[in-house]
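Working notes, beginning with the structure itself.
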């Protein structure tokens, strides 16, 4: 069996040489980039630095356009519902129409109220020039002490109390003072879109699925000379108006059915509006519905979006030490939701959640009770 050689080296020697070169290059790379803090997360942050720079510098500028876009999209969907849906249901059943109007306008009122409040309500910032009783660290960008659960927003360029995230659709940070408005806006918007989908299923099936209104029209009328065949098979042009050879017979009369024209069929403009509405509603339900479910899970665990990543990293770190991490702000599902929605001091669910409410969250956002504190009443703090 012949051995493969190259410049006097066998295949095994070539393979060993390649491995040696590869090992040498790796050692050179590690020696040039060695850092005690180097890991995959740090390398990813370095690669994504241009994207972070763009977000930090331009998200704040694009925020007003996002707010106008949300308002325009909501207005267009509601206008189409009144333009097409209301006459349809009024002709079908006036009692059902009254029910749809009450439920639909209740959802619309909550959507508008919570969105406006989430936009105009500041999330909350640590006070300046005031000594804080409790501070967990110093902000390297603000050069100021940070209260618990406070994080720096690179878009707003300031620290935010109990920061969740910066939302470009609100042109505002979501934090301590407006987190409830943000979540209820998402929830009511998702419910409103589902309501419009259910109310418009029959309209979509009738005007979009069955394709009504597409009546047949003759684009190119038939032209030519009427003819008939004789017994020998020759073609003879028909020159007299009668349909039969006997001149004395009157012309035949055919009572053919005339196709009915659907006067209730929507115009092309209405069909396009229905398609636009269907696509918009389904997209919002999928996107905003998924986000609402995720935030609901965070609220159930008593944490924000920022804290979920921090707690997960801490949980993995302590797991390696065979220890269990306990979130200090997780008081259980029921109490977490009551604190988040402000269902304390005698506030009811019907008045506080099902109807618009201006109440602020309890406390100042500078300090929070933890599970390690002494037992306290539901009227927290």
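The backbone N, Cα and C atoms fix where each Cβ goes, and this holds for glycine too.
Per TrEMBL, the feature transmembrane segment maps to 62-84 (among others). Long-range contacts of the transmembrane segment (62-84) within the same chain, counting only residues at least 6 positions beyond its ends with a Cβ under 8 Å from a Cβ of the stretch, are 104, 108, 111-112, 115, 119, 168-172, 196, 199-200, 203, 266, 270, 273-274, 276-277, 280-281.
Here the transmembrane segment (96-117) has Cβ contacts under 8 Å with residues 70, 74, 78, 81, 85-86, 89-90, 170, 178, 181-182, 184-185, 188-189, 191-192, 195-196, 199, 355-356, 358 of the same chain, all six or more residues outside its ends. Summarising the annotation, TrEMBL assigns transmembrane segment to 96-117 (among others).
Taken from TrEMBL, the feature domain 'Palmitoyltransferase DHHC' covers 137-309.
Distant neighbours of the transmembrane segment (182-201): 77, 81, 85, 89, 100, 103-104, 107-108, 110-111, 114-115, 118, 164, 167, 170, 174, 274, 277-278, 281-282, 284-285, 288-289, 291-292, 295-296, 299, 340, 353; these residues of the same chain sit at least 6 beyond its ends, with a Cβ under 8 Å from one of its Cβ atoms. Feature annotation from TrEMBL assigns transmembrane segment to 182-201 (among others).
Beyond the ends of the transmembrane segment (273-294), by six or more residues, the same chain brings 73, 76-77, 80-81, 83-84, 183, 186-187, 189-190, 193-194, 196-197, 200, 203-204, 207-208, 266 to within a C-beta distance below 8 angstroms of the stretch. What TrEMBL records for 273-294 (among others) is transmembrane segment.
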